[in-house]
């Protein structure tokens, strides 16, 4: 029967329990009525098959659907809304949901992130704990970043990290599928191998610092025009080269002499192309001329990379021209001019002679690994608790704000959210970031830390975050 929203209700016979226990792993989707379970199922399987309507009780039976993710095959079981102490028809629906739990390999417990945890959700948690099945807590309807941050309050259910998802819009669904693949007890069948393409590297720097010379060093041919005249490269030149036994997609970019806003003519368009190359890359190699003073324009280029959130390797080129005196002054310049990015990986090399060029590939790998690092929430909060106990926030106005908990909101670059009882001093925020890097690395990668001060929850409802 056609529904008002244009979706079609399928007459699917109820499967036997044996169908859930074969070699294909099974994921059961459970939760109280109308939290968006069927919408999530449709998102996971990549097509509209589960019946969806914005009223409770549309799904009554447990219905399996075939699905795949990154070449892995599994089954998703949609269930009706679970309620404690249900009667008559609702009791039968709840029983079907409990059967799906007992026959599944992994359970997705879906909670409405907008409403938050309810008494029914807490009762469902007790049922899930009795099943002893692996449970992934899904905070659905996280349609924007504000709701996504609020979803972290669902830690109170005691099921571990809540994964914010918008089943309707697809937000967070890829990350959730990755988590599901990690939790399945047996490796799903590999349908096809989809190798990752070469990592993209942008070579950036002001004119005549040796970007094209370095590119040609790797490519083994005169791939980019090299001239002693500054600015001979205008268009980005892509080259697929092998560095350290691995293929890399290198983008050589026009040298930047001026701010993009102040450049004109050819320089203006070259600057825009360079900015686009940085955005398209995963990691940037910023070349500086080691024989010259670190300039304001060098720092602007570094800012372009960090503002874009890309992994960063700083290569001091023309090291063959550096004598002992220049090394002394360069060390002082690094301390003074690059103090805001002490986390950047630094190399001293010579594209002309080949000195230390072999160190670039390990540096790129390390920077990218840091860029993609994820810290488990439990580990993050255990570390943070110890840090705050050892060095609490200074008292201001007779009170000291507390860091309630933290979560990593994303990677590439790593992004963290601190939920606090009040605003944190800028100095304490820098202290937390420094200690976070000391503990977990992130060498070669920027990290972002957002602070979410919260009001106390009053008797009338949920608290709200400032900002």
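The backbone N, Cα and C atoms fix where each Cβ goes, and this holds for glycine too.
What Swiss-Prot records for this protein:
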{"type": "BINDING", "residues": "31-38, 78-82, 140-143", "note": "GTP 1 binding site"}
{"type": "BINDING", "residues": "205-212, 252-256, 317-320", "note": "GTP 2 binding site"}
{"type": "DOMAIN", "residues": "25-188", "note": "domain 'EngA-type G 1'"}
{"type": "DOMAIN", "residues": "199-372", "note": "domain 'EngA-type G 2'"}
{"type": "DOMAIN", "residues": "373-455", "note": "domain 'KH-like'"}
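Projection of Swiss-Prot feature records onto the structure.
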residue: 31; record: GTP 1 binding site; Cβ neighbours (10 Å): 25
residue: 34; record: GTP 1 binding site; Cβ neighbours (10 Å): 16
residue: 37; record: GTP 1 binding site; Cβ neighbours (10 Å): 30
residue: 79; record: GTP 1 binding site; Cβ neighbours (10 Å): 28
residue: 82; record: GTP 1 binding site; Cβ neighbours (10 Å): 27
residue: 142; record: GTP 1 binding site; Cβ neighbours (10 Å): 25
residue: 205; record: GTP 2 binding site; Cβ neighbours (10 Å): 27
residue: 208; record: GTP 2 binding site; Cβ neighbours (10 Å): 21
residue: 211; record: GTP 2 binding site; Cβ neighbours (10 Å): 30
residue: 319; record: GTP 2 binding site; Cβ neighbours (10 Å): 21
(message) Is it possible to list how many residues within the domain 'KH-like' (373-455) are helical, extended or coil according to DSSP?
(response) 29 helix, 23 strand, 31 coil
(message) Tell me the Cα distance separating residue 319 (GTP 2 binding site) from residue 142 (GTP 1 binding site), rounded to the nearest angstrom.
(response) 51
(request) Report the mean pLDDT of the predicted model across the domain 'KH-like' (373-455), rounded to a whole number. (result) 90
(request) Write down the Cα-Cα distance for residue 319 (GTP 2 binding site) and residue 37 (GTP 1 binding site), rounded and given in Å. (result) 60
